[in-house]
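Undergrad: The domain 'Uroporphyrinogen decarboxylase (URO-D)' feature in TrEMBL is assigned to 33-42, 155-171. Under the heading substrate binding site, TrEMBL lists 38, 39, 40, 41, 42, 87, 167, 222, 349. The annotation site 'Transition state stabilizer' is assigned in TrEMBL to 87.
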Ligand code: CP3
């Protein structure tokens, strides 16, 4: 195990016992910790004001902008964690892959990676070492953010290999990721080589965020829901595990002297539309599982044998409903969350851009017992 430096927020007393970190360890802090996927983003006017002058990837790669955007929802809503403002394609961009984020369309890769020769070419050119050397904008942004936040943890994240591969193979967004899933079966060796390459890059991206001051991480496998359990288990889970290895090797000592025990950096796993994959997602070896809104927390907890803290799962459709309708839904999610060993309140997917930010602030107050 490699130990985090004494100045890391998990080690120096700032975040090691923050409500989010306690819940991810399986504890029940006084009130349920809450954050929102995509909380730093288009629902906030202060975010839109910054983005009016900066393209998405430029904002991600300019440390003071990325840090300011990461801090905005913490300031406004009082959430229990910041999620680092970045995107799943950032490691690809930094290693030199020709990719852009096109508003209203999605990630667009100029050179899709579809054949054994394509995979060999990208593996040779775009190496983890090259990414490691290009990550200073990410390290600087996380460091600035963690320093500004004090006791509020920063959550680092990465896309998972399947979700990124779905874009790389298609060249852009697709409905069922058919081309990627076809490659998985028509040429399993090339598929495995592609996923391992993506896993290594994402692992370097994730570890850099933790070393720079992130106190927990989330693996986002947005599109894993399009896979069958057997395909997920055999063709995808090994690469997701590989992505997490560099963070799993990082630890820190909690307590003093003989009482000191090694602790790990908490890892959350989340996939959209993945009710049929809960057991497989937990099996990747994570500390908490994000549940989307289609599966109730009680059912998820039952299926997982009460063995793992859960995160979620407010249905984003309720954010636009009447206050009493939303409140009843949030109360139900909190009630169901009590069946799990521990609960982090979140949405069942990202904040929709048209959300009234005051609604999110109200949910935080509800979670904190107001
Ligand atoms: O909670 C988080 O903020 C986690 C980080 C995260 C982001 N995007 C941040 C982001 C994750 C996991 C993603 C995933 C992602 N990014 C997907 C997968 C689908 C999904 O929703 O999970 C896709 C398709 C993208 C690509 C993407 N990101 C596009 C096309 C854009 C819009 C480009 C633009 O010019 O605005 C983004 C922007 C983006 N990614 C934002 C954030 C917070 C800012 C805008 C927003 O609120 O959506």
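Please read every residue number as a count from 1 along the shown chain.
Cβ atoms here come from the backbone N, Cα and C positions, even for glycine.
How buried are these features, and what lies next to them?
TA: Sequence-distant contacts of the domain 'Uroporphyrinogen decarboxylase (URO-D)' (33-42), counting only residues of its own chain at least 6 positions beyond either end whose CB sits under 8 Å from a CB of the stretch, comprise 18-20, 22-23, 48, 51, 69-70, 72-73, 77, 79-83, 85, 155, 220, 270, 290, 344-347, 349-351, 353, 360, 363-364, 367-368.
Applying an 8 A CB threshold to same-chain residues 6+ apart, the list for residue 87 (site 'Transition state stabilizer') reads 56, 57, 60, 101.
Classification of residue 87 (site 'Transition state stabilizer') by DSSP places it in coil, neither helical nor stranded.
Proximity of distant same-chain residues to the domain 'Uroporphyrinogen decarboxylase (URO-D)' (155-171), defined by a Cβ-Cβ separation under 8 Å and at least 6 residues beyond the stretch ends, is recorded for 20, 35, 81-84, 86, 88-89, 91-92, 106-114, 142, 177, 179-180, 183, 191, 194-196, 198-199, 202-203, 205-206, 209-210, 214-224, 226-227, 232, 236, 239-240, 242-243, 268, 271.
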Undergrad: What are the helix, strand and coil residue counts for the domain 'Uroporphyrinogen decarboxylase (URO-D)' (155-171) according to DSSP?
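TA: Result for the domain 'Uroporphyrinogen decarboxylase (URO-D)' (155-171), in helix, strand, coil order: 10 helix, 5 strand, 2 coil.
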Undergrad: Give the maximum pairwise CA distance in Å, whole number, for the residues 38, 39, 40, 41, 42, 87, 167, 222, 349 listed as binding substrate.
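TA: Maximum Cα-Cα distance: 23 Å.
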Undergrad: Cβ under 6 Å from ligand 1: which of the recorded positions 38, 42, 87, 167, 349 qualify?
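TA: Among 38, 42, 87, 167, 349, near ligand 1: 38, 42, 87.
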Undergrad: Report the DSSP secondary-structure composition of the domain 'Uroporphyrinogen decarboxylase (URO-D)' (33-42) as helix, strand and coil residue counts.
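TA: Across the domain 'Uroporphyrinogen decarboxylase (URO-D)' (33-42), DSSP assigns the residues as follows: 0 helix, 1 strand, 9 coil.
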Undergrad: For residue 349 (substrate binding site), what is the secondary structure state per DSSP, taken as helix, strand or coil?
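TA: In the DSSP reduction, residue 349 (substrate binding site) maps to coil.
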Undergrad: Which site among 38, 42, 349 has the most other CB atoms no more than 10 Å from its CB, taking these as binding-site residues?
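TA: Per the Cβ count within 10 Å, the most buried is 349.
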